[in-house]
Amino acid sequence: MATSPTISDLPLVSRSSGNSRRSQGLLTDISSLFLSHAVCTRSFMRPNAAKAFIRVWKVIEVCLQILAQGKRVTQRELFYMLLCDSPDYFSCQLQVNKTIQDVVALLRCSRYSLGIMASSRGVVVGRLKLQEPGKDPVDCSGCGSSGFGISGDLDLVDGLIMTTDARYILLVEKHAVFQRLAEDRIFNQIPSIIITAKGYPDIATRMLLHKLSRAFPDLPVLALVDWNPAGLAILCTFKYGSLGMGLEAYRYACNVKWLGLRGDDLPFIPEEALLPLKPRDFQVAKSLTSSKTIQDEFRQELEIMLQSGKRAEIEALYIHGYDFLSKYLANKIVKGGYI
């Protein structure tokens with residue numbers, strides 16, 4: 001209605017790598033990624049940014065409705081709500097995911113506080129008992145090779161009562177390897193809790209791992225990932241957080257050590273099982289190399305990968321028999337073979 005209407009730009013905390021910093025652990029070994037104060041903007045007056053500007057307000061509008069009803073939704077459910085309500089502005093899940101990150105960067109809050117629930121893929125098995133308030137405890141050692149599913153309700157994860165007699169936490173990249181270790185009940189041979197997010201980690205799995213590392217600070221968190229840039233990227237996401245999560249990155253970081261696979265494990269793997277790096281591997285490696293967050297030992301391993309042009313997967317160890325993986329892990333843990 002104004003004679004000269006003005007629409008303010010939206011100042012978002014910039015999620016670019018140039019705006020990222022690494023907080024060094026002082027009283028603890030935990031370091032995490034965080035964003036400093038540089039901002040970018042979403043403008044209604046720029047043609048290429050106008051839709052992105054409107055998407056932010058559309059997501060805020062739906063989140064307000066969700067919170068008013070006391071409900072929570074997954075990002076996928078939110079996509080369909082927005083697709084039906086505003087099809088001119090939302091056509092794919094990626095647009096919704098990026099807009100959620102914009103809202104988090106605008107309001108300086110967590111997505112969970114917006115009523116957006118994590119969709120968890122993670123499972124846990126081993127010497128751990130979990131108890132929700134008012135319910136019977138669950139013994140994760142009796143959950144079989146499928147493990148115990150980690151809830152996407154972060155309030156529920158945060159409220160879990162946990163007890164353990166484990167001495168280690170094993171973080172496993174792949175679900176198939178997790179199942180092998182659970183089936184072999186390696187947690188009896190190596191008193192441990194075994195966790196996997198089935199690839200790149202979701203928020204709920206990271207939160208449970210963070211909670212375990214805080215509740216049991218004497219238990220080292222040891223990661224078993226493929227020897228390739230993607231495996232290292234998964235490890236670093238658990239260790240430092242994810243820049244893509246903006247202001248939430250630091251909330252779930254924990255001190256993860258790299259157990260394997262590493263360059264010194266290659267003698268166990270036949271030459272035929274060493275596969276060439278893919279174009280995607282080089283893209284991930286470039287991103288990791290440009291990052292100021294990863295420690296020198298990790299950077300050296302990455303350089304060895306790139307020089308060799310090869311990658312190795314955990315399953316290649318099965319050439320020595322299906323029980324070799326347990327022996328390999330026990331030997332490395334006893335010798336302190338992690339960085």
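Cβ coordinates come from backbone N, Cα and C, glycine included.
Annotated active site, O-(5'-phospho-DNA)-tyrosine intermediate per TrEMBL: TYR80, in sequence order. According to TrEMBL, the feature compositional bias 'Low complexity' maps to 14-23. For 52-116, the entry in TrEMBL reads domain 'Spo11/DNA topoisomerase VI subunit A N-terminal'. Annotation source TrEMBL lists domain 'Topoisomerase 6 subunit A/Spo11 TOPRIM' at 168-333.
The Cβ neighbour count for TYR80 (active site, O-(5'-phospho-DNA)-tyrosine intermediate), using a 10 Å radius and every protein chain shown, is 14.
Residue counts for the domain 'Spo11/DNA topoisomerase VI subunit A N-terminal' (52-116) by DSSP state, with H, G and I taken as helix and E and B as strand, are 46 helix, 3 strand, 16 coil.
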